[in-house]
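Data block below; observations after.
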Amino acid sequence: MDDNKSKALAAALSQIEKQFGKGSIMRMGDADIGEDLQVVSTGSLGLDIALGVGGLPRGRIIEIYGPESSGKTTLTLSAIAEMQKLGGVAAFIDADDALDPQYASKLGVNVPELLISQPDTGEQALEIADMLVRSGSVDIVVVDSVAALTPRAEIEGEMGDSHMGLQARLMSQALRKLTGNIKRTNTLVIFINQIRMKIGVMFGNPETTTGGNALKFYSSVRLDIRRTGAIKKGDEVIGSETKVKVIKNKVAPPFKQAEFDIMYGEGISRLGEIIELGTNLKLVEKSGAWYSYNGEKIGQGKENAKEFLRENPAIAAEIEAKIRDNSNVLADSMTAARSEDD
């Protein structure tokens, strides 16, 4: 670049910084830009690996969606618990009015320190979220759920009134405001969403999420969570087998998937994941129903192997460390088949 151009550029950059503040424009090679992405664990070892960066990225919008009772709230409460372990402040905007403090406590959430809001309208919920983000003092904000963000006009109107597209416009406007503040304050914002069926779809995926398309575009990560089976102890159902697909990922390659168990009253089974992922990497040997580690049997059947690791946390930590060291190998094997709607 010649001297005249360099001087003109320097003058323009100086004027921009003077008018809009320091850091409003910078070169990609500057030190501040190259900082490592900060993440918080999801509470699932396999999902952290599938996300490619070790967890959910801060300063971004995350959407978690799936059918009813698929584990959406469990996953977000696990992320809240992980953030609190790091000393972070968490807020839960409960538009569904369905948060169970006792269940949250069982998942490791520090309930007395959790900020909770049960807003009357969608506008109020999103305004509260924006104010919390702008404060810069909250590390994670969860909105549960987008489907329950009812616009004020709909609440104040008659039961049969038509309010076509009102919620979608509300979400679009709110996300335009939120995005910049979320990035500036490095806050992690998670929206839980529900699934609806598109009417008249003959080909392709008839499923869609509520609240219009804005959230799909503004989200850096979109997770599709599904219950794939039941875990039984005799005739009693004690948990559910769960699969999570990374449908969208702006911080790492997408279309990975993770599978884990959600145990009722316990949450995501960390020890179950250690056994499964360890077996996949041949760190844990499986012969018939027996599991072995370093040539020593640790249990017959998965539940007994989990009990062994529960009683021997040092061995569990050792296997987990080896799994993390081989996370690239695991990530390559986690690629999910793309659906027609992805």
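Note that the numbers count up from 1, one per residue, in the order the chain is shown.
Glycine too: its Cβ is placed from the backbone N, Cα and C atoms.
Under the three-state DSSP scheme, Thr73 (ATP binding site) falls in the helix class. What Swiss-Prot lists as ATP binding site is Gly66, Pro67, Glu68, Ser69, Ser70, Gly71, Lys72, Thr73, and the listing cites sequence analysis.
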Additional residues around ATP, ordered along the sequence, whose Cβ is within 8 Å of the centroid of Gly66, Pro67, Glu68, Ser69, Ser70, Gly71, Lys72, Thr73: Ile225, Arg227
CB within-chain contacts under 8 A for Ser69 (ATP binding site), separation at least 6: Arg227, Ser240
Neighbour tally for Gly66 (ATP binding site), based on other Cβ positions within 10 Å of its Cβ: 24
Neighbourhood of Ser70 (ATP binding site), C-beta criterion under 8 angstroms, separation at least six: Ile225, Arg226, Arg227, Thr242
